[in-house]
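> To start, I am sharing the structure in question, which I have written as structure tokens.
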Amino acid sequence: MNIELTQIIPELIIASAICLLILVNSLIPSKKRYSGLIIGSLTMLSCAFVSFLFLLDPTNSFIFNDHYRIDHLAMGLKFVTYLGSLMIFIGTTTNKDNAKSELILLELFAILGVSILASANNMLTLYLGLETLTLSMYGLVASKRSSEIATESAMKFFILGAIASAIFLYGVSYIYGLYGTLFFGEFNDVTINNSIEMQLALAFIICGIAFKFGAVPFHSWVPDSYQGASTSSALFISTIPKIGAFALIYRLLFEAFIANVEFWSLLLLLLGLLSLILGNLIAIAQDNLRRLLGYSAIGNIGFILIAFSIGTTEGVIASLVGLIIYFFNTAVAFMSLEVISSENRAVVSLSDIKDLNSSHPWISLIILFAMFSMVGIPPLIGFYAKWIVLSELINADMLIIALIGIIISVIAAFYYLRVVWYMYFEKNELPIMQGSSNILQKISLSIIGLMIVILGLYPSPIIDFCRFIISPFLLID
């Protein structure tokens, strides 16, 4: 096999799985419900294993005429993506709508887009991965065709996404006009980098990135999409695309335009503060659980962008640690909603989880772990997500920003603890029906829930992993 092809084995496996799934759906429609789940899960397991093997080999190579880069960061982000997707596939299959092969197919396309983003070394390659990811997300949000909310959310998402992509591409065209090249390693002219035109181009690009993250003021699609999509799709679009957005920021800002760090760090800080403050404040007024999680996600993204804005290696590590921890907390929240929902009654609002502890004590305890973790209460893993970012802000003499982060975190505790209050102390006149989840899903939820506690007691594996995949190639302190 061509040596370049051996380095994109995960992408080839995903592409083959997409073709196989299309073929299976065409030839064996009666088994469509499980074909997607089986093929998707096996694909993610295989890709996670291959990317892990690549992590053991400290290579840093450029392939396909330098359009594609294989390094620790690329394989590390792919490993997290594949493992996280496997958890989502296994953990959200209660409702038959979540196991449709069409949804798995769209998710595989999105995962392929994230993989391309992680290894892109050229603006066009980056844009290819970005659009592959984004177009798949539109389909996932619109997958509940019987829901007016889903249709409306998808339309809003599509229009805003098209505008954001156009803004991003306009910034790229500016850069090409200035440099005459699209390769990241060639953006090193000091005169051009300090020009007004370059700063304008970076501002356009950062606006496009902010939309993918769901940062304020490009956030309006987030709560609508979380509310309208199926549970599986909502969990997927709330987590996996964020890894792609992380790769987007890293490849563009920290590799291509690190010389402009003073300019873009200020923009990221502004976006991060707006997201942190508005996301958490608006979440306080939410009664719909999915919209609450949507605004909570915006607040968490604010912390991640603030960590990026520090502009140091440790700041990038802190942002990646926060992103992985965010995945665990969000996965528990959405999986719990799926487990306690029945085929006839979905859990939608806070009133639906009144006295949940009486009928689902174990699930209530796991949700409690997730809520306390999101608050940042030790010894749960969420404590370290906030602690690491705040520590780096203090080390960078950004004391006012750190103080704002602490104050907003205290305010945000209200709506997280409100969920716990409803589960344990509010009495429900109507008994909560038993969910229709399977044993595999309950086991998956339990494992992820316990990991919030175990990794909180021993967080070194996550921190060391993030340091391992970032430090070898990012030396900017």
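Glycine is no exception: its Cβ is also placed from the backbone N, Cα and C atoms.
The following feature annotations were taken from TrEMBL:
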type: TRANSMEM; residues: 35-56; note: transmembrane segment
type: TRANSMEM; residues: 72-91; note: transmembrane segment
type: TRANSMEM; residues: 103-120; note: transmembrane segment
type: DOMAIN; residues: 120-411; note: domain 'NADH:quinone oxidoreductase/Mrp antiporter transmembrane'
type: TRANSMEM; residues: 126-143; note: transmembrane segment
type: TRANSMEM; residues: 155-179; note: transmembrane segment
type: TRANSMEM; residues: 199-222; note: transmembrane segment
type: TRANSMEM; residues: 234-254; note: transmembrane segment
type: TRANSMEM; residues: 266-285; note: transmembrane segment
type: TRANSMEM; residues: 292-310; note: transmembrane segment
type: TRANSMEM; residues: 362-387; note: transmembrane segment
type: TRANSMEM; residues: 399-418; note: transmembrane segment
type: TRANSMEM; residues: 439-458; note: transmembrane segment
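Locate each feature and note its surroundings.
Sequence-distant contacts of the transmembrane segment (35-56) (same chain, at least 6 residues past either end, Cβ-Cβ under 8 Å): 7, 9-10, 13-14, 17, 20-21, 24-25, 28, 70, 72, 75-76, 78-79, 82-83, 85-86, 89-90, 93, 99-105, 107-108, 111, 468-469.
Tertiary proximity for the transmembrane segment (126-143) is limited to same-chain residues at least six positions away from its ends with a CB under 8 Å from its CB atoms, namely 97, 100, 102-103, 106-107, 109-110, 112-118, 120, 150-151, 153-154, 157-158, 161, 165, 168-169, 172, 208, 212, 225, 228-230, 233, 236-237, 241, 244, 248, 251-252.
Long-range contacts of the transmembrane segment (266-285) within the same chain: residues 202-203, 206, 210, 215-217, 219, 249, 253, 292, 295-309, 401, 404-405, 408, 411-412, 414-415, each at least 6 residues beyond the stretch ends and with a Cβ under 8 Å from a Cβ of the stretch.
Within the chain, the transmembrane segment (292-310) has long-range Cβ neighbours (under 8 A, six or more residues past its boundaries) at 213-216, 219, 222-227, 238, 242, 246, 249, 253, 265-266, 268-269, 271-280, 282-283, 286, 316, 318-319, 322-323, 326, 330, 333-334, 350, 374, 385-386, 388-389, 392-393, 396, 398, 401, 405, 408, 412, 415-416, 419.
Only residues 6 or more beyond the boundaries of the transmembrane segment (439-458), in the same chain, are considered here, and those with a CB under 8 A from a CB of the stretch are 87, 90-94, 328-329, 331-332, 335-336, 338-339, 362-363, 365-366, 369-370, 373, 378-384.
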> Considering only Cβ pairs within less than 8 angstroms, which of the stretches 155-179, 199-222, 234-254, 362-387, 399-418 has the most against the transmembrane segment (103-120)?
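Between the candidates 155-179, 199-222, 234-254, 362-387, 399-418, the best contact partner of the transmembrane segment (103-120) is 234-254.
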> Does the structure show the transmembrane segment (362-387) and the transmembrane segment (234-254) touching, where I'm treating 3 or more Cβ pairs under 8 angstroms (sequence separation 6 or more) as a contact?
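Contact absent: fewer than 3 Cβ pairs fall under 8 Å.
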> Taking pairs 6 or more apart in sequence, does the count of Cβ pairs under 8 Å between the transmembrane segment (72-91) and the transmembrane segment (399-418) hit 3 or more?
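No; fewer than 3 Cβ pairs under 8 Å.
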> If we skip the immediate neighbours and take only residues 6+ beyond the ends of the transmembrane segment (199-222), which ones have a Cβ under 8 Å from one of its Cβ atoms?
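Beyond its ends, the transmembrane segment (199-222) has Cβ neighbours at 130, 133-134, 153, 156-157, 160-161, 164-165, 167-172, 174-175, 178, 241-242, 244-245, 248-249, 252-253, 257, 260, 263-264, 267-268, 271-272, 274-275, 278-279, 294-295, 297-298, 301-302, 304-305.
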> How about long-range neighbours of the transmembrane segment (234-254): same chain, 6 or more residues beyond its ends, C-beta under 8 Å?
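Here the qualifying positions are 73-74, 77, 80-81, 84-85, 88, 91-92, 107, 110-111, 113-114, 117-118, 120-121, 126, 129-130, 133, 137, 140-141, 184, 205-206, 209, 212-213, 225-226, 260-261, 264, 268, 290, 293-294, 297, 301, 304, 308, 316, 319-320, 323, 326-327, 330-331, 334-335, 474, 476.
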